[in-house]
Each structure stands twice: as structure tokens, then as C-alpha cells.
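Read the structure below first, then the notes.
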Amino acid sequence: MSESETEQTGEHASHRTGQTHECRRCGRNQGLVGKYDIYLCRQCFREVARDMGFKKYR
């Protein structure tokens with residue numbers, strides 16, 4: 001999609017495809033961890049990852 005198409009339709013690709021996810025804890029749209037349908041921003045994921053069962057190896 002080119003810039004002219006975005007200007008003509010007035011929407012971004014994420015809105016067209018229905019991918020309007022946001023962080024479940026803080027509502028942030030950027031830096032999302034969407035794997036396994038987690039949908040937490042990376043900052044929130046770091047805070048709760050251990051409680052969710054993820055292990056840090058380094």
C-alpha cells in the first residue's frame with residue numbers, strides 16, 4: 001500500500017486487517033509481545049513473565 005492509498009482511504013493496514021491489539025495491562029500499542037496470544041507490551045511482559053511461567057536463562 002502506498003502513501004497515496006493510505007491518504008485516500010484514511011486508514012492504516014492494521015485497521016483494515018483487524019489487528020488492533022493493545023497491551024492488556026497498560027493499553028500501549030507499541031512493542032507488543034503477541035506470540036501465544038499474550039498481547040502485553042515488552043515492559044509489562046518483563047514484569048510478569050516469571051509469574052506466567054517463563055524462565056530467564058541468562
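In case you wondered, yes, glycine gets a Cβ from its N, Cα and C as well.
Keep in mind that this is a model prediction, so the values were computed, not measured.
Look at Swiss-Prot and you will find 1-21 tagged as region 'Disordered'. Residues or ranges marked as compositional bias 'Basic and acidic residues' by Swiss-Prot: 9-21. Residues or ranges marked as Zn(2+) binding site by Swiss-Prot on the basis of sequence analysis: C23, C26, C41, C44.
Here the features listed in Swiss-Prot are painted onto the structure.
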| residue | record | CB count, 10 Å |
| --- | --- | --- |
| C23 | Zn(2+) binding site | 20 |
| C26 | Zn(2+) binding site | 10 |
| C41 | Zn(2+) binding site | 19 |
| C44 | Zn(2+) binding site | 20 |
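Other residues of the same chain near the Zn(2+) site, with their Cβ within 8 Å of the Cβ centroid of C23, C26, C41, C44, are E22, R24, R25, G27, R28, G31, L32, L40, R42, Q43, F45. DSSP assigns C41 (Zn(2+) binding site) to a strand in the three-state reduction. In the three-state DSSP classification, C26 (Zn(2+) binding site) falls within coil.
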